[in-house]
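**Q** A single structure is presented below for examination.
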Amino acid sequence: MSSKEAPMRAWLKMAGLAMSNKSWLSLGDFAGICAKTPLPMCFVVQTSSLPGGSVGATHYDRTHMNIGMVPRCYSRTVDIANTAIFQLGNAFVNILALCVILIISYNIRFKYTAIGRSEYGYFFQLCFMLICMTLVVDCGVSPPGTLAYPYLAALQIGLAGACSWALAVMGFLGFRLWEDGTRKSMLIVRGVSMVGFLLGSLVSAITFTNWIQHHPDMKTNTTALFVVMYGLNGLALLMYSVCQLVVSIFVLSNFWMTGSTILGVIFITTGQVLMYTISYEICEGVKHYLDGLFIGSICNVFALMMIYKTWDISTDEDLEFSVSISVDGDIMYNSNLKL
């Protein structure tokens, strides 16, 4: 090796080591996310590596204020009837989502003999509660800086975990590992969703409480919160998607179900990617009337619709059966009913 090549190799080695260290240090750091996307939890965490372009790093000293990281651009507040409403566009989408969930729940109740009817009804009840809590923390019912805000944000994260973990368990219903609709089945779904709720809410509450007590230090350890929000919940959604694809292709051979599952994955993935990557560009482009949360919420609504449609398709024909009562009072089942 020549004398000219030695410094170049050493420089490349040092650069690679620095990049590796940077990637390890960025694990669990919400600085890059919160600089672009106004997530509710961003207002109750802090980091020592705020990007220089963020509002919080350049425009004011946050050590004397009871808020965490502020994004560079976020949806403007609207004053209606002497009431400040945050995230107005996102609020309209979430209200629409509540209406969609009510319609879906109504349809689920009338599919009396469908497989997973009770489990999916419970899942959409969790989704309804999650969206209600999202309206509370997003729209300023309890604005950032109040004492209740960190705990409400923790409840929102916990409900998101409950929905994700319940969905993961429901993905196994198509394999008939246990009888659906029974006390055992509901105990499994509710128990797993409760674990997801407790894990998400407790980790969030502990993280936010640590910030409340030490926020003048300008840093919060958010690694556990990052792992729970994006690691475990993402793994649960992946498990559901894989199970539905396996059931639709190899068990039912129903490619309409496969298509609806793939559409749901596309919607949720697209919404998350756009929300975390181009929220700032969206906000600047529409003069602060909307931001990435609006796009993410719309995609989440379509993903919920695809979850219902996937279940609806899977229970449309061969998995339906009729129930009747004979003259002697016996309950008769007919599994050959075609709808």
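Keep in mind that glycine also has a Cβ here, set from the backbone N, Cα and C atoms.
As the structure is a computational prediction, the values presented were derived from the model and not from experiment.
For reference, Swiss-Prot lists these features for the protein:
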{"type": "TRANSMEM", "residues": "84-104", "note": "transmembrane segment"}
{"type": "TRANSMEM", "residues": "121-141", "note": "transmembrane segment"}
{"type": "TRANSMEM", "residues": "155-175", "note": "transmembrane segment"}
{"type": "TRANSMEM", "residues": "192-212", "note": "transmembrane segment"}
{"type": "TRANSMEM", "residues": "223-243", "note": "transmembrane segment"}
{"type": "TRANSMEM", "residues": "249-269", "note": "transmembrane segment"}
{"type": "TRANSMEM", "residues": "288-308", "note": "transmembrane segment"}
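If you look at the structure here, what lies around each of the features I listed?
**A** Long-range contacts of the transmembrane segment (121-141) within the same chain: residues 40, 77, 84-88, 90-91, 94-95, 97-98, 101-102, 104-105, 108-109, 149, 152-153, 155-156, 159-160, 162-163, 166-167, 170, 186, 189-190, 193, 293, 304, 307-308, each at least 6 residues beyond the stretch ends and with a Cβ under 8 Å from a Cβ of the stretch.
Non-local neighbours of the transmembrane segment (155-175) in the same chain are 40-41, 115-116, 119-120, 122-123, 126-127, 129-130, 133-134, 136-137, 185, 188-190, 192-202, 204, 225, 228-229, 232-237, 239-244, 247, 251-252, 307, 314; each lies 6+ residues outside the stretch with a CB under 8 Å from one of its CB atoms.
Listed by sequence, the residues of this chain that lie at least six past the ends of the transmembrane segment (223-243) yet keep a Cβ under 8 A from its Cβ atoms are 27-30, 41, 45, 157, 160-161, 164-165, 167-168, 170-172, 174-175, 196, 199-200, 203-204, 206-207, 261, 264-265, 268.
With a cut-off of 8 Å between Cβ atoms, the residues of this chain six or more beyond the transmembrane segment (249-269) that come close are 174-175, 237, 241, 299-300, 302-303, 306-307, 309-310, 313-314, 318.
Sequence-distant contacts of the transmembrane segment (288-308) (same chain, six or more residues past either end, CB-CB distance under 8 Å): 36-39, 71, 73-76, 87-90, 93-94, 96-97, 100-101, 104, 107-108, 120, 123-124, 127, 138, 167, 260-261, 263-264, 267-268, 270-272, 274-276, 278-280, 282.
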